[in-house]
Amino acid sequence: GLLGSIFGAGKKIACALSGLC
């Protein structure tokens, strides 16, 4: 759903910013 999509995007952004990808 929309909420899951937003949460998934947030996790990707946090991953990229933290460099833990």
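FYI, residue positions are counted from 1 along the chain as it appears here.
Glycine too: its Cβ is placed from the backbone N, Cα and C atoms.
The disulfide bond annotation in Swiss-Prot covers CYS15-CYS21.
Under DSSP, CYS15 (disulfide bond) is assigned to a helix (H, G or I) in the three-state scheme.
Neighbour list (CYS15 (disulfide bond), Cβ cut-off 8 Å, at least 6 residues apart, same chain): CYS21.
All chains included, 8 other C-beta atoms sit within 10 angstroms of the C-beta of CYS21 (disulfide bond).
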